[in-house]
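Worksheet: the structure to be examined is printed underneath.
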Amino acid sequence: ARTQVRTDPSETSCPGSPPSPPTVVSNLPYEDQRPRNQPNRRYAGNAVKTNKYTLWSFLPINLCEQFRRLANIYFVGIAALNFIPEVNAFQPQVALIPICVILTLTAIKDAWEDFRRYQSDRDACLSHPRSQHGFVERRWKDIQVGDFVQVLANDIIPADILLLHASDPNGVCHMETANLDGETNLKQRRVKSPFDPLSFNATVICEKPNNNLNHFKGFLEKDQIKIGFGIESLLLRGCTVRNTAAASGIVVYAGHDTKSMLNNNRPRYKRSRVESKMNKEVLCCVFLLFCMCLIGAVGHVIWLKTFSSVPIYFIPDSDGNETPSVVAGVYRFLTMIILLQVIIPISLYLSIELVKMGQVFFITQDIDLYDKEKDMRMQCRALNITEDLGQIQYVFSDKTGTLTENKMVFRRCTIMGTEYPHTENGESGKWVGQLWSHQDTTVGRDNILPCLPLRCGMHITVYHGATHLEFFLALAICNTVVVSTETAQRQRVRDPVQSTLYDIPTSSSSVVSEDEVQGTPCKGHTRRRQTWTASSLAGPKEVHYEAQSPDEAALVHAAKAYGFTLLERTPSHVSVRLPSGTTLTYEVLDVLTFDSVRSRMSIIVRHPHTKEIILYTKGADSGIMERLSQMKSESRVIANKTQKHLDMYANDGLRTLCFTRKVQEFNYYDWLVLRQGAMAAIDRKDELVRKTAADMETNLTLLGATGIEDRLQENVPETIQALREAGIQVCVLTGDKLETAVNIAYSCKLLDHKLVGKPVCKPVCVSQEVCKNMLSGTLAQLPLYDTQEAKVSVGLVIDGRTLGLLLDSDLQEGFVQLCTHCRAILCCRTTPLQKSRVVTLLRSKLGVMTLAIGDGANDVNMIQAADVGVGISGQEGMQAVMASDFAISRFKHLKKLLLVHGHWCYNRLANMIIYFFYKNVAYVNLLFWYQFFCGFSGTAMIDYWFMIFFNLFFTSAPPIMFGIMDREVSAAVLLQLPELYRRGQHEGGYRRSTFWIAIADAFYQSLVCFFVPYWTYKGSDIDIFTLGTPMNTASLFTIIFHLAIEIKSWTVVHWVIMVGSVVVYFVVTLAFCAMCVSCNPPSDPYWTMQEQMSDPMFYLVCILTTVVALLPRYTLHALRGTLVPSDHLRARQIDNMPPHHRDLWLQEWKKLKDLCASYPSLSSSTAQRYSTAQSPSLTLVQDPSPALAQSPSLTPVQDPSPSLVQSLNPKLAPNQGLNSAAL
Amino acid sequence: MKAGPSRTNRPDNTAFTQQRLPAWQPILSAGIVIPGFTLIGLAFIGVGVALFVTSQKITDLEVRGKRDTHAVLFFFQGPVFFYYGLTSYYQNFRTYGVSKDGYQLSGDTYYFNVRAWYSCAPYQYDSNNNPIVPCGSIANSMFSDTFQLYQVVNGMKKQVPLDGKGIAWWTDYNIKYSNPALVNGSFANAFSGTVKPVNWSKPVYELDPTDQANNGFLNQNFLVWMRQAALPKFQKLYGRIAEGDYAQGLPAGNYTLLINYSYPVISFGGTKKVVLSNVSWMGGKNQFLGIAYLVIGSLCIVMAMVMLIIYAKYKFTDDDEDM
């Protein structure tokens, strides 16, 4: 019955508020005491409650939350006004309906979401750890900080537990963090200092709870001795124990303090640009409403003044007095607000949410964005910025894993100044033969690496000495790759369909048997971690590598290919089998883990035979070369040669790593004391740890270097090309070397060869002063290139150190200016922080819409800094995805995501919002015009129920459908013509002018809808609601047909909803008019619709009204379609053509664009300019008829360069031929 | 999502989810709208002509506010409708419009004195706190002039019968309004305890003592009045001339209109009038609609021609439609 143990009594006196840092002691001694004596009582319990409401508190809390929204207060205020008899416009009870509907709908939504959270909490807390060896079973929620908990294999860890004991003799516990960060590789955790729970009497001091999954620090204090520990000893809540029979430890964080809960953020709320712009338009509507109400109030006062005595129809108030006219004016002002409230489109917000839900649905449903290999769809993690995808101007991309596969392939290595290629190809048999036969030709750069395995191990010693051995040993040892041989617990069941589709990669998976190692040495490094299989048939000899980074996996596999098989790694030792077959087991003294500041990692081992303490270091050349021992000239020569090779690798686009070795002679133990002190520190721990590591990594001896290839993902150049045509500036920010990055940039067409000979600016400078001069010099040069050819033809390549200087405040302006002039920007050797600073800087200074895309933890900052963050779920875990707004699996998906979905979403939403504003104004103005004929008294000639229905049923579905499904240009054409995207960047879909045109149109249409019936029935015996009926109907038709003009493509859904809305209108209106005899006193619409529909005049009025109301818009569209057709219109025309014509036209379009692009006079603006009738050159090209093309009337008049057109003409000839052939 | 062993995340490849539903993509341009404009123009001109001609056939005669009027009429095709009209009379004034009690008017005596509709105030109770039936301002301000029309035949006045029945909406008469049940066989007793509206000269149960079917709340002149006019200048049907000698219309001749003038219009600066009119399928005389149709129709034709010119000039942009 023990989950606990005893403790130091002195700790019991620890009272009061939670100290910082948190101190945890064992709970065991206090088991029988009352809760308030528990030392750990002030920490959060393990019960997790993410739901906000209980059954009882739901109503009050939810209402409170809802009333925090301004819109709801507005609604309630309006409804409350209705209860003032002097002011009310409608029956008060009925006026409450809209607000009640909205509150109820929102409450239902909130309740449902909360219920989901409640369910997931309950599910999580129901499971409990099993009991064994004196541990009792407890429910999750009963676990407290200070408890000892034991978890067994495949258990889910209930809280953050400091690992104190593991069943593994080496004190290692493996866990899978897939629930937490989506990474499926096993994480190793180890016992820092083993304790038996029953005799645990130490105090645990750790940092405050935080959400960093990869960082934790604290120490155990026992008898004045501090033992530091980090994340490597912490079992995280929500992870699963694997490959370890049992592990136990003390709970340090529970419940909401656990790292997993602190990471458990809700979907982020970002405000999209369109929405914030829309809010200004809402303010315009408020202003409009105010003006209209003011007109009403003033009009009423003036109207009252016209009477010399009290008219018979004028009602005095209840005590018989007349209200003073000014007071009456104030009352009418309020009445008008109630009457015209709909002009402020509160329901627009709800509609936008619905539209975005629909848009997200369609984006995630896109099969082109589905990744078969990972069985992953596109994910939308932020639900409300879909339309921002249509306005992107800058894309910031990571390189590794984003542009490239991040599947590392060992390509070349240089050992002691000799360079060896390592070719991997399909003909492995031949390759092996070559390998064996070429062992003697060892001179020059084209050496084949001599065969090292088993049978020729002696040759190595003879020809190359021990350095080669050391190099491969370093390859095998100096990493954090974990070997796992136990497979049963690790087995993954895979989808059969998927595995057949993905057979090829798996065949070269990490499961490499002994025989394979000898026979086909090179297999195994292209494996993908996500698809590991562990066959249950596998024998004990099978090794299985789990690497944190693909580079390390590639290196270990490469080492294995040459016979240096990493057999086992535990915290205390590492075993390697040498080609000779002997197994060396090194004692591991310490691992200096990788960090991006040092950009290297080291391992300190003790040689089993010589007992030497050896330090193996690997890292980027920048982090290594300066730390080499400079004593011998021989080693300097080697270093120079190696550097030359490294440059060559980088030029080939390979990723390079240097390997060094050092034998530590004497002062190791002095250093160890410092190191342990650093590890136990809480303050400045990172800094101290880094410093001690750097102290150790000096006087290194270079062994060699490796070149690892990282293949480009498919279609990356095409995607970048398309994005660029779409007017998007692509910047690549990478941590890689300059040469590697430039090489990749060329191969992915970021820098293209048109720029060769052009200045690819490479400001590499050391001081700010130099940097400043260089910047101003470069800026001064820029105009030269501008005038010579098309404006943006300069590529900017910049390295991290320079970037750091440029990001300083006084150089920022210049840097931004430089960026705007460059067609391509490539930043190398950047840190994560610099990446995000570049994004933030350009975003804020230029006010552009930015998108950041990346796959790794180092891109998280950048992804969060950008307007839109896109994560690639690649080889490096899920951290980028977790931080992103949208998650895709390949870089090429970005093209369709932006050019098609972004474009669509933006246009749809913009059109929908504009339409929504229009609709409300058009409808409400009917009521406003009527005020001029009822003494501004606030009478509505349309029954209030009909007004509610009008917004709720009759005209709500079409705009939502319009916002989700309208399609101006098809996906195929959008992908073919990326420049169509430019309209969204310049907010072409949603301009202030568009808004005001829509409002003006709404005013016109409402005037027509009011005055045509008015003049028809003027002077007749028509009653109020009978006059309102044709107005209402004509208004409905106008609003529906207005949308019909705007809809660009009609699918069956469009027809159903549009026709359905009209049908619903007539059915509901007729039914209501027939049923409601006096259900809504004093208004009586009873039988008015029937009365009107039996009168032919009604139809004549409605037809005339609708036609007159829509005539201007229709005509305008027709004229615009003919006189000034936009690119989009032309694209739509192309869309409507039969496929083979379409291709021809698309080709012509592109050809023309290229031509124009090479002439600044034509390319200075977007395609808009040359596609209009003013530009004769395009007119020619676009015209398929040869007769017209040859027509002399089209000779340019205003074109400044006649030669241009002449040069165009010969090019046209073949096109004409094609066209006539097509005809 | 499909369940089963081969469950994948793969989205359904349907035309709907992939947004590939077959779609009709109309492109508005000059060439396309020409037939539309032409058709609409021709149709509108046709309708306009028909409306205009019909409207021209309708005769109406307005007689403005004099006490007794003599007029020489030409032949009126029957049936002839007799209207009274008011100007600057805001029956649509909001507080006026709500000043009635629908439950009371549907004959529910519970609403006579127990529970009066608050919006009837201040015409809810008289100074002695007796409930007013029918309450409210609309009823109180009921038009009270009466008219008699005589044809002068050989110096003799011959009354033209003004039929005051069938002038209200059928639904008002039959469904919406009804009288309270008789109490002790007496209609007047049903209204006991209530008083007549302030401005009325007689209680509601004596509106038409000659015809019980036209009395009380079902008096058709009352019903017509209670249906509030939409606009401040309106006319209301007073009676139809469709009986006896006048069933075919009013023959040409001399007529005298006797007006029992009691309704004040000076207070609101309005005027009264009497209108005699015959009607067609399109209701009373209305020039506007016919003219509007003609104008819009012509405009459409003009637009069609403009479009044609534009089309001819910029033909090339539409050529792809022909392909």
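Note: Cβ is positioned from N, Cα and C throughout, glycine not excepted.
Residues annotated as transmembrane segment in TrEMBL: A:282-303 (among others).
Per TrEMBL, the feature transmembrane segment maps to A:330-352 (among others). Proximity of distant same-chain residues to the transmembrane segment (A:330-352), defined by a Cβ-Cβ separation under 8 Å and at least 6 residues beyond the stretch ends, is recorded for 71, 74-75, 78, 81-82, 84, 86-90, 95, 102, 105, 275, 278, 282, 285-286, 288-289, 292-294, 296-297, 300, 323, 909, 912-913, 916-917, 920-921, 923-924, 927-928, 931, 936-938, 940, 947, 951, 956, 959-960, 963.
Feature annotation from TrEMBL assigns active site, 4-aspartylphosphate intermediate to A:Asp398. The Cβ of A:Asp398 (active site, 4-aspartylphosphate intermediate) lies under 8 Å from the Cβ of A:Val732, A:Leu733, A:Thr734, A:Lys835, A:Ile853, A:Gly854, A:Asp855, A:Gly856, A:Asn858, A:Asp859, A:Met862, each of these being in the same chain and 6 or more residues away along the sequence.
The secondary structure of A:Asn858 (ATP binding site), as reduced to three states from DSSP, is helical. The number of other CB atoms found within 10 A of the CB of A:Asn858 (ATP binding site), across every protein chain shown, is 23. If you look up TrEMBL, you'll see A:Asp398, A:Lys399, A:Thr400, A:Glu552, A:Phe594, A:Lys618, A:Arg655, A:Thr734, A:Gly735, A:Asp736, A:Arg829, A:Lys835, A:Asn858, A:Asp859 marked as ATP binding site.
Summarising the annotation, TrEMBL assigns domain 'P-type ATPase C-terminal' to A:881-1125.
The transmembrane segment annotation in TrEMBL covers A:930-954 (among others). Only residues 6 or more beyond the boundaries of the transmembrane segment (A:930-954), in the same chain, are considered here, and those with a CB under 8 A from a CB of the stretch are 89-91, 94-95, 97-98, 101, 296-297, 299-300, 303-304, 332, 335-336, 338-339, 342, 347, 920, 923, 1010, 1014, 1024-1025, 1027-1028, 1031-1032, 1036, 1061, 1064-1065, 1068-1069, 1072, 1076, 1080, 1083, 1085.
Marked as transmembrane segment by TrEMBL: A:995-1016 (among others).
Counting only same-chain residues 6+ beyond the ends of the transmembrane segment (A:1022-1045), those with a CB under 8 A from a CB of the stretch are 915, 918-919, 922-923, 926, 939-943, 946, 950, 954-955, 958-959, 962, 1001, 1005-1006, 1008-1010, 1012-1014, 1016, 1058, 1061-1062, 1065, 1069, 1083-1085, 1088-1089, 1091-1092, 1098, 1101-1102, 1105-1106, 1109-1110, 1113-1114, 1117. The transmembrane segment annotation in TrEMBL covers A:1022-1045 (among others).
Residues 943, 945-946, 949, 953-955, 957-958, 961, 965, 1029, 1032-1033, 1036-1037, 1040, 1043-1044, 1085-1090, 1093 of the same chain lie 6+ residues outside the transmembrane segment (A:1052-1077) yet bring a C-beta within less than 8 angstroms of a C-beta in it. What TrEMBL records for A:1052-1077 (among others) is transmembrane segment.
Residues annotated as transmembrane segment in TrEMBL: A:1097-1116 (among others).
Per TrEMBL, the feature compositional bias 'Polar residues' maps to A:1175-1209.
If you draw a 10 Å sphere around the CB of A:Thr400 (ATP binding site), it holds 28 other CB atoms from the protein chains shown. In this record, ATP is bound by A:Asp398, A:Lys399, A:Thr400, A:Glu552, A:Phe594, A:Lys618, A:Arg655, A:Thr734, A:Gly735, A:Asp736, A:Arg829, A:Lys835, A:Asn858, A:Asp859; the longest C-alpha to C-alpha distance in that set is 25 Å.
When Cβ-Cβ distances below 8 Å are used as the criterion, the transmembrane segment (A:1097-1116) is approached by residues 1001, 1004-1005, 1008-1009, 1012-1013, 1016, 1029-1030, 1033-1034, 1037-1038, 1041-1042, 1045 of the same chain, each at least six residues removed from its ends.
Same-chain neighbours of the transmembrane segment (A:282-303): 325-326, 328-330, 332-333, 335-337, 340-341, 343-345, 348, 917, 920-921, 928, 931-932, 935-938, 995, 999, counting only residues six or more beyond its ends whose CB sits under 8 Å from a CB of the stretch.
With a cut-off of 8 Å between CB atoms and residues at least 6 apart in sequence, the same chain places A:Arg600, A:Met601, A:Gly619 near A:Phe594 (ATP binding site), listed in sequence order. The secondary structure of A:Asp398 (active site, 4-aspartylphosphate intermediate), as reduced to three states from DSSP, is coil rather than helix or strand. According to DSSP, A:Gly735 (ATP binding site) sits in a coil region rather than a helix or strand. Residue environment of A:Arg829 (ATP binding site) contains 22 other Cβ atoms, counted within 10 Å of its Cβ in all protein chains. The 10 Å shell around the Cβ of A:Arg655 (ATP binding site) contains 23 further Cβ atoms across the protein chains shown.
When other Cβ atoms within 10 Å of the Cβ of A:Gly735 (ATP binding site) are tallied across all protein chains shown, the result is 23.
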